[in-house]
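Feature list (source: TrEMBL):
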TRANSMEM  36-57  transmembrane segment
TRANSMEM  98-118  transmembrane segment
TRANSMEM  181-207  transmembrane segment
TRANSMEM  219-242  transmembrane segment
TRANSMEM  254-281  transmembrane segment
TRANSMEM  312-330  transmembrane segment
TRANSMEM  365-385  transmembrane segment
TRANSMEM  415-433  transmembrane segment
Amino acid sequence: MTIICSFSKASHHLCSSTWCLMSCFYRLILVRVNSFCIQLCYFLSVSFFGFVVLKVLKPRTHDSFKPRNLDLFFTSVSATTVSSMSTVEMEVFSNSQLLVLTILMLIGGEIFTSMVGLHFKKSQLQKMENRISSLANNDPSTYQSGLVMTEKQDFENLESGNHETSLDSSVDFLKYKSIKFLCFVVLGYFIVIQVLGVSLVSTYLALVSSAREVLKNKGLNLLTFSIFSVVSTFANCGFLPTNENMVVFKNNSGLLLILIPQILLGNTLFPSCLRFCVWFLGKFFKRVESNYLLKKTSEIGYFHLLPSQHSSYLVVTVFGFIITQFILFCSMEWNSAGLSGLNSYQKTIGVLFQTMNARYAGESIVDLSTISSAVLVLFVIMMYLPPYTSFLPIKDDEEIYKKKRNRREKLSENILFSQLSYLAIFIILVCITERQKLKEDPLNFNVLNIVVEVVSAYGSVGFTTGYSCDRQTQPNSNCVNKSYGFSGKWSDEGKIILIVVMVFGRLKKFNMDGGRAWKLL
């Protein structure tokens, strides 16, 4: 009996020690592991998991055509990084595979991944909140007095990693409550916008026979198409279950108008809309956390919650870019073959849809290989720009910038290249791998088309000039036109490089300050 009791006690102590060790290791991981490494592992693991599932499931054309493993992995990475670069036709995939791609786009989108990061930030303050809440229960006035104090004080940045405070401090308690409140706001925004979008698209397809007939002829499920298209558009991926993307729906202006808000609300205007939602809830539901979020954006540390001035300037910049593209596209392409057969109203909505997609969404109603070079170059510039670019003056907080970087980080930044430098390297590498085709098929394989493909993958857009057998200088009788991206005709080495570009582009926010050590005099 004594031996059994001793063994029981030893087992209890061992389990307690193991649990304590795992808890300490978990906290160490949360604090020490670089966010870049976490997200890199996340996207790679999700991409690999998606590839395995796509490999197991049978495509619609499994009797006549089965995608290669590299193409399946390429598609999985493209969906996870919301790049929508394609090397196989979308109608090859079965309904179950389309649902898998929908899930990959959903969990790979920027808003979803930011919610995960916000949850981890909240968990870092969970332990501290439990301690302080016990004090607040004993003395309710403590919490309210802390809310007033936060309006008058400057607090340490949440990124400092030091969350140990005294029990009588309500500052960190309010931070935790504010982050928790923000988690619910972002989650609500994420769900409501997409559910509303799916409802509208489903209703439109059910009522408009011409759009419904397209799905019937292609053998696509109406609900699957609605969910897939809304998730893809909101995540700014650009994948669609049809081979021709939105070209087959260019006459359906109502469908385009439904998807346009999804493009803006899911990406470029998300910070401004999020700030409005926080303000609205604070104004009409008297949430004190709302004031803290609006006034202490830098301390919250949520990338998408921008200061008031930046949010306002962002709206002006976004619509300024749209107007610029709209004017140029109309002046150059109004009577082009891509818009033929459309009336003035349909052309206006179509051009508006096309120009809004140039920044991140990547859906298209025209063949990009047929548009003028001037418009194509403008699209390249739009694809390169980060989503929250603002050309109006915003004063940077240099002190906060300096506090975030220690000596080691400054050293690493000095050896990093700028974004343009990396893009140049990737373009050169692709030109090397495709050098033979550049000589033999110059109309399809030219530098401009390669630049569009690489920048599109880097910007997570999905625009492509495609490949046409009609443009071959040495016609090949065995060539068959396919409705997938230009990269579908690249070599395996070129596709692997583009996979790297897609992952690099999805994580480019971690290297926006690269190249600071390089001075051009």
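Each Cβ is built from the backbone N, Cα and C atoms, and glycine gets one as well.
Quick caveat, the model's predicted, so the values are computed rather than measured.
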Contact yes or no, the transmembrane segment (219-242) and the transmembrane segment (36-57), 3+ Cβ pairs under 8 Å, gap 6+: no
Intrachain neighbours beyond the transmembrane segment (365-385), with Cβ under 8 angstroms and 6 or more residues off its ends: 245-247, 249-250, 256, 321, 324-325, 328-329, 332-333, 336-339, 350, 353-354, 358-359, 419, 423, 448-449, 451-452, 455-456, 458-459, 461, 463-466, 468, 471
The transmembrane segment (36-57) touching the transmembrane segment (254-281) per 3+ Cβ pairs under 8 Å rule: no
